[in-house]
Amino acid sequence: MGFHLLSPSYCCGYQPSPPISHGLLRFRPVTGIPKPSPKGQLHQSRRASKVLAYYGITTPPYKLDALEPYMSQRTLELHWGKHHRDYVDSLNKQLVKSPLYGHTMEELIKVTYNNGNPLPEFNNAAQVWNHDFFWESMQSGGGKLPQGGVLQQIEKDFDSYSNFRDTFVESAMALFGSGWVWLVLRTEEKKLSVVRTSNAICPLVWGDIPIIALDMWEHAYYLDYKDDREKYINTFMDNLVSWHAATVRMLRAEAFVNLGEPKIPVA
Amino acid sequence: MALRAIAGKKTLTLGLVLGPRAAAGASAPRTGSGLRHARGLVTFSLPDLPYDYGALEPAISGEIMKLHHQKHHQTYITNFNKALEQLEEAMAKGDSSKVAHLQSAIKFNGGGHINHSIFWKNLKPLNEGGGEPPHSTLGWAIDTDFGSLDALVQKMNAEGAALQGSGWVWLALDKEMKKLKVETTANQDPLVTKGANLVPLLGIDVWEHAYYLQYKNARPEYLKNIWKIMNWKYASEVYEKEIA
């Protein structure tokens, strides 16, 4: 999740950035800004006017009607255009008065989670990240089976793909209230696992690496599926989930978690 | 054999707790607590709405009322009954970890049943007095504890809009302190989870299923409009009974 640093001349009143489409790597060119230092500390002269950091909304990596008929354009328009955007706007409003600026989104989530005693900014920050992650967890022509390394790891950790699928669906059905269901790579146990979280909580707060997410807040499915959660969840697994995104995330995750010897074929 | 003995005892206990009507196995169509006996275990059923599905328009659409009542509330009841049955079995077997494990399902589904049963009574069609402000005792209590009816409405709307995720916002009577309070509960937690002395007078469902088809993400609009069909008469009746 990228962030913008504004030099002092822009600090009064910013224009929200126009939606930018992006690949999975996230860096936005920003002009005339010094390189961001670690920890978001800005080594500028104290005399300079306050620099404001803010977050921008990112667009899903597909057109809003691309997921029809499984997720309608209307849902995307509302879910992304209203709910997701609201979280971004609310977060930016909160950050104006808060000393928390300058973090990457992932850092911000961990900081505001505050070890289980979340600060007011947590809900908005986490929901911004969660929804970004959610759009990228889906694709047009999604579903079907994972392949290659992801499939191998799933088979290793769940015995079979269908076991994993059943676990995922059951977990989603058993969620009480609003929340999310995740396929995560657990950094300590070094294996894939299905977890469900309430409201805005995301596995980043425990240091785990999310691979796939499914939004189980009612606003995510109510227009298309009304109260039929089971149909929504199954449709996600069969037609929407992006195993390409999962593969990229697994690759990145393996840089941080040692999943054992790679299977190098012997010539 | 043993099971039936336990079930019999349980019915007796439940009968004492719930009153003679329950023990006699009467189902209750009017006030709609919907009790039924099967094999000695009380099962719950969906209470009827005291008005048509479309009667609350335009504040709440008929489509929402129908889904909310026939699907959501019914599901809570079905799962509540299932959880209670499993609880009975676990208790009979002495399976304490299963008993503990079932608590969250019972709180969630039972709470859903309790909360929605109150909610249907909290609403009244416009042409039957919905939205008419409270008078006499409840009216005065509101002025005393909140300043004015408007202030109460603003407070409940603010807390309802700010509630993250799913839950309810309540006008509660603290029967110990004899004071009115505004409380929120998460998910389907019943009001008593916020205080054993709290009696619900009015509850507003702010789960998205309660308004999404009509209001989409505009929860504040829904909260503004629901006061037009609020059944203050019911709230007054509950209040006067508790205060007496």
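For all residues, glycine too, the Cβ spot is worked out from N, Cα and C.
The shown structure was predicted, so the numbers you read here are calculated from the model rather than taken from an experiment.
So that you can see what the record holds, here are the features copied from TrEMBL:
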- B:43-123: domain 'Manganese/iron superoxide dismutase N-terminal' (DOMAIN)
- B:H68, B:H116, B:D205, B:H209: Mn(2+) binding site (BINDING)
- B:136-237: domain 'Manganese/iron superoxide dismutase C-terminal' (DOMAIN)
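Shown in sequence order, B:H69, B:H72, B:H73, B:F119, B:W207, B:A210 are the same-chain residues outside B:H68, B:H116, B:D205, B:H209 whose Cβ sits within 8 Å of the Cβ centre of the Mn(2+) site. Of all the Cβ atoms in the protein chains shown, 25 others lie within 10 Å of the Cβ of B:H116 (Mn(2+) binding site).
Taking the binding-site residues B:D205, B:H209 in turn and counting surrounding C-beta atoms within 10 angstroms, the largest count is reached at B:D205.
Using a cut-off of under 8 A between C-beta atoms, the binding-site residues B:H68, B:H116, B:D205, B:H209 that neighbour chain A are B:H209.
Residues of the domain 'Manganese/iron superoxide dismutase N-terminal' (B:43-123) grouped by DSSP class, helix first, strand second and coil last, total 63 helix, 3 strand, 15 coil. Broken down by DSSP into helix, strand and coil, the domain 'Manganese/iron superoxide dismutase C-terminal' (B:136-237) contains 53 helix, 25 strand, 24 coil.
Confidence annotation: the domain 'Manganese/iron superoxide dismutase C-terminal' (B:136-237) carries a mean pLDDT of 96 in the model.
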